[in-house]
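Student: Feature table excerpt (Swiss-Prot):
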type	residues	note
BINDING	42-45, 132-133, Asn137, 182-191, Arg222	CTP binding site
BINDING	Asp58, Asp60	Mg(2+) binding site
Amino acid sequence: MENIEIVSSGKHTLHGLNFYLSYFDDVAKVLPREHYCFIVGGWVRDRILGEPVGYNIDVDFLTTADPVELAKNFAKRIGGHFFVFEKRGFLIKRPTIASVVLHLPPYRYRFDFSPLKGKDLEKALIEDLKERDFTANAIAVNLDDVLSIGAKQTIVYDPTGGIKDLEQGLLRPVSIENLKRDPVRVLRGFRIAIEKNLQLTEDFYEFVKEDPRIVLKSAVERITHELFKIMKEKTAHKVIRELYEYGVLEAIIPEIGRLREVKDQGEHHIYPLDEHTLKTLEYLEQVIEDRAKYLSAELLENFGKKRVLGEFTDVELLKWGALFHDIGKPQTFAVREGKVTFYEHDKVGAQIVREIGERLRWGDEATEFVAKLVRHHLRPFFLREAFKKGELKRRGMANFWRECGDIAPHLFLLSIADAMASGDEEEDIKALMETIAELESFNRNEMKEEIQKPLLNGDEIMEILGIKPGKIVGILKKALLEAQIDGKVETKEEAIEFIKRSTKNLKPLDEG
C-alpha cells in the first residue's frame with residue numbers, strides 16, 4: 001500500500017497522481033463550474049492497494065451536479081454509450097445512477113454518476129460514505145484535488161476506517177443495517193473478498209448464515225448482474241463455492257440445491273454430484289487460462305468476443321454451462337440392473353436452464369447459449385468413444401459441426417474440464433484431446449459447404465417426385481444430406497438420382 005498520512009479522524013493524505021485517469025480531465029471539462037465531483041468506491045480502494053489498472057475499468061462518481069446531464073455530456077465528449085440505471089427498493093439511498101460505457105478493445109470503461117445532495121458538502125459526503133456497503137469502498141477523493149498540478153497532499157475521506165481495514169487485509173461491512181437495506185451487497189462482498197484477497201469479517205458471515213435468502217429482496221436484474229460479475233472473475237469457482245456452502249446460491253437458484261441429492265454418480269465419477277459440478281467449474285477456469293494448449297488459434301479466434309447483457313461475454317456463459325451441465329441429473333437419477341443411470345439428463349438439463357434463464361431475466365440469447373451447451377455437453381464424449389473404437393465417421397463429425405459449430409470451442413473446453421472433474425484416466429483424456437484434434441482437422445479440411453445442407457431443397461424434391469408436402473420430404477432431405485456426408489452424392493444430378501432411388505422404400509411412410 002502507498003504511504004498515507006493521517007490528517008485528522010476520517011481524513012488522510014495521499015499523492016493525487018495515484019488516483020489519476022486521463023478521462024477524469026474530460027469529466028472536469030463538462031462539470032459545471034459551481035459544482036463538485038468526488039471519486040469513490042472501487043477505483044479509490046484499488047489505487048490505495050497499489051493495484052495496477054487492468055483492462056476492465058470501473059469508476060464511481062458522486063456529484064452535486066445533475067448526474068444525468070453530466071453523464072450525457074461526458075458520454076458525448078468521449079464517444080461513450082449513455083444509459084440510466086434505476087435501483088429498485090424503498091430503502092435504496094441512490095436510486096438513480098447515470099452510466100457511461102466505452103469499449104476500446106482490449107479496454108472496457110464504465111463510469112457511474114450518482115447525486116450528492118446537501119447544503120454542507122463535506123457533511124453530505126460523509127453521510128453518503130457511511131451508507132455504503134464495505135469500509136474499503138467507503139473512501140473518497142475530490143476530483144479537483146486529483147487533477148491539481150502537484151497534488152501531493154490530496155485529502156482522502158475515510159470516515160469508516162476503510163484504509164485501516166485494508167492495511168489489515170479485512171473486508172468489513174460499514175454496518176449490517178447497510179447490508180439489509182441492499183442485500184445484493186452480500187454477493188458483492190463474497191466477490192470482492194476473493195478478487196482482492198481480503199478476509200470478510202465474522203459479522204458478515206453471521207449475517208449471511210442467519211438468512212441466506214435475504215439476497216432475494218434485491219431486484220432480480222441486480223442479482224443477475226452481480227452473479228455475472230462473479231463469473232467474470234478468473235477464480236469465479238472460489239466465489240461460487242462459498243455462495244454454495246453458505247446457502248446463498250441455492251436461495252437464488254434452488255435447482256443447485258438438488259445436486260447434493262446425488263451422492264453416487266456411478267463408476268465413471270469419483271465425486272458426489274455437487275462436488276463434481278464445483279470441480280468442473282474450477283478445472284474449466286484452468287483450461288480457459290491455458291486454452292491455447294488445447295485448441296487451435298483458428299478455433300479460438302472468436303472465443304470471448306460474443307457480447308451478452310451489455311458488458312459480459314460468452315466466457316461467462318461457458319462458466320454457467322459448467323455449473324449447470326449436470327443440472328438435469330437429480331431428476332433423471334435411476335438404478336437399472338444395479339447400475340446408476342441418468343438417461344436424457346442433458347435434455348432435461350437444457351430445459352431447466354431455460355427456466356432459470358427466464359427467472360433470472362438473462363434474455364433469450366444468453367439463455368439459449370447456455371441451454372445448448374448443456375444439451376450437447378455429452379457430444380464430445382460420444383465422439384471420443386467412437387474414436388477409441390475406430391468408428392469415428394465423416395457423418396458423425398459433420399453432424400457435430402453442423403449442429404454445434406457455433407459453440408464448438410466452448411463444448412471442447414467444457415468436456416476437458418468435465419473429464420478432469422470426473423477423474424478420467426490419463427489415456428481417456430488423451431483420447432478426448434485426439435478426438436478434438438480429429439474434429440478440428442475435419443472441420444478445417446473437409447467440412448465443405450455442400451455437406452452442411454442438402455443439394456436439393458424441399459420444393460425441388462416435391463417437384464422431382466410430384467408429391468405434396470409431408471413427412472417424406474424431411475426424411476428424404478436428411479437421407480440426402482447423410483449421403484453427401486458419406487461421399488456417395490457430390491453433384492445435383494447424383495442427388496436427383498439418389499432421391500428417385502430412395503423413394504420406393506420411403507414412400508409408404510408418407511401414407512396415413
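Every residue number used here counts from 1 along the chain in the order it is shown.
Placed from the backbone N, Cα and C atoms, the Cβ positions cover glycine too.
Predicted, not measured: the structure shown is a model, and the values here were computed from it.
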Student: Which ones are near Asp60 (Mg(2+) binding site): of the binding-site residues Arg45, Val184, Leu187, Phe190, which have a Cα within 10 Å?
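Tutor: Of everything listed, nothing lies within 10 Å of Asp60 (Mg(2+) binding site) (Cα to Cα).
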Student: Cβ atoms within 10 Å, counted per site: which of Asp58, Asp60 has the most, among these binding-site residues?
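Tutor: Answer by Cβ density within 10 Å: Asp60.
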Student: Sequence gap of 6 or more, Cβ distance under 8 Å: name the residues on the same chain that satisfy this around Leu187 (CTP binding site), in order along the sequence.
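Tutor: Listed in sequence order: Val215, Ile223, Glu226, Leu227, Ile230, Leu243, Val248.
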Student: Round to a whole number and give the Cα-to-Cα distance in Å for the pair Asp58 (Mg(2+) binding site) and Gly42 (CTP binding site).
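Tutor: Between the alpha carbons of Asp58 (Mg(2+) binding site) and Gly42 (CTP binding site) there are 7 Å.
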Student: In which DSSP state, out of helix, strand and coil, do we find Asp58 (Mg(2+) binding site)?
Tutor: strand
Student: Given the binding-site residues Gly42, Arg45, Phe190, which one has the fewest other C-beta atoms within 10 angstroms of its C-beta?
Tutor: Gly42
Student: Among all protein chains shown, how many Cβ atoms are found within 10 Å of the Cβ of Asn137 (CTP binding site), not counting that one?
Tutor: 24
Student: So for Val184 (CTP binding site), how many other CB atoms are inside 10 Å of its CB?
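Tutor: Taking all protein chains shown, Val184 (CTP binding site) has 25 Cβ neighbours within 10 Å.
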Student: Going by DSSP, give the three-state secondary structure for Gly42 (CTP binding site).
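Tutor: The three-state answer is helix.
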